[in-house]
Amino acid sequence: MTIKTRFAPSPTGFLHVGGARTALYSWLYARANQGEFVLRIEDTDLERSTPEACAAILEGMEWLGLNWDEGPYYQTKRFDRYNEIIAQMLEQGTAYKCYCSRERIEAMREEQAAKGEQQKYDGCCRDKAPRDTDEPFVVRFKNPTEGSVVFDDHVRGRIEISNELLDDLIIARTDGTPTYNFCVVVDDWDMGITCVVRGEDHINNTPRQINILKALNAPVPEYAHVAMILGDDGAKLSKRHGAVGVMQYRDDGYLPEALLNYLVRLGWSHGDQEVFSIEEMKQYFKLDDINKAASAFNTEKLIWLNQHYMKELAPEYVAKHLEWHMQDQNIDTANGPALAEVVSALAERAKTLKELAASSRYFYEDFAEFDETAAKKHLRGVALEPLQLLQKKFAELSEWNVEAIHQAIEATAAELELGMGKVGMPLRVAVTGAGMSPAVDLTAFLVGKARCEQRISKAIEFVANRINS
């Protein structure tokens, strides 16, 4: 049997981290078992579903690299199929028309609540013959009244629910539109889904959906209900904890590999291993290893993983993601070093690509003024002679490379009988405008000869003015 899983978000908002983790687990289970992964958009909530939210979900999935083998399917394009099955169930007697008014249902619930009884439909229309009338009606599934629903959940183990606790679920509204729980069942059946991976908030739907599947003589898939994600303070995850759309993490400078690695460990483990490549995830992932307990979101851990991947992934690959941030920050990279070289130079010093982009601006643009603290410390009168000699030696270089630049700095220090720092730091501030950068010879190389000479001249003028003031 081919394993077939699905991710079925509702396009009523962004793809958040909880949904992304569910998608990842479902995708991994399919990939780990040479199976297929289906993307389905559950857009039956016509009032809340939006094209913008749908586009955001697809963009998030693509950015994460969670490719799908089928879809995206849209439930709103399958209404004819749902109505076909509803008609079939009415014909077979596994569903019925309910003419109870909203007022009657509300009164019934109030009475049940007053008696301390479970609030559920009392079956008033269950065994009545259909009426030849124009009265509005809903269609209800005729849930079994005896026995239990039993299923083995990959995460939670065996679950058993008495049918006495389940009421007759509405499967079509008064306007004829099918309901969520019914559409899901028909979709999973038609699409051949063998395992449903979803959040634990759906676990109460499962017995109802299983009963509908059995009434249709359809195969019942396996289930894995994943625990929720909490904030690091134990409260329900909210925006202040990091419950934002997946693309916000892109905007904030995270690599997809870092977010995927973080999400896979948010409830699943393989020994003590923390860092997983995508291939390792596919190799080791098992649904039965998912933790039952809720997991706490920890932004510091995500940052640590992002730093790891910024340093460990190929600079050329990281550069492709960095390019988006350069454009976002209006940094024109046409005249300057290759982005892969910038990644190699700066990745050790940045937590995010957003940070890396901001710190690389001096490679491509001239700065208006020197950092006040750095200039006060390193562009003093004693820096004038080293800068002037460096300017002369740089002008004489026939080749502009790291080794030649380093030799020029060493020669300047030796000639003036100064420590390397007394030469290197004024040079660093001169060419970057600040007191922090990668190795100064590498920095000067990446800035380029023409820009270096121009900026050293600017620094010399700055120091001279300072002496004369």
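Indices start at 1 and increase along the chain as displayed.
Glycine too: its Cβ is placed from the backbone N, Cα and C atoms.
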Motif ''KMSKS' region' range according to Swiss-Prot, out of 141-145, 236-240, 271-275: 236-240
Candidate ranges 9-19, 75-85, 130-140, 152-162 [criterion: Swiss-Prot lists as motif ''HIGH' region']: 9-19
Secondary structure tally of the motif ''HIGH' region' (9-19) (DSSP, helix then strand then coil): 3 helix, 1 strand, 7 coil
Average pLDDT across the motif ''KMSKS' region' (236-240), rounded to a whole number: 67
Shell of the Zn(2+) site beyond CYS98, CYS100, CYS125, ASP127, same chain only (C-beta within 8 angstroms of their C-beta centre): TYR96, LYS97, TYR99, TYR121, GLY123, CYS124, ARG126, LYS128, ARG140
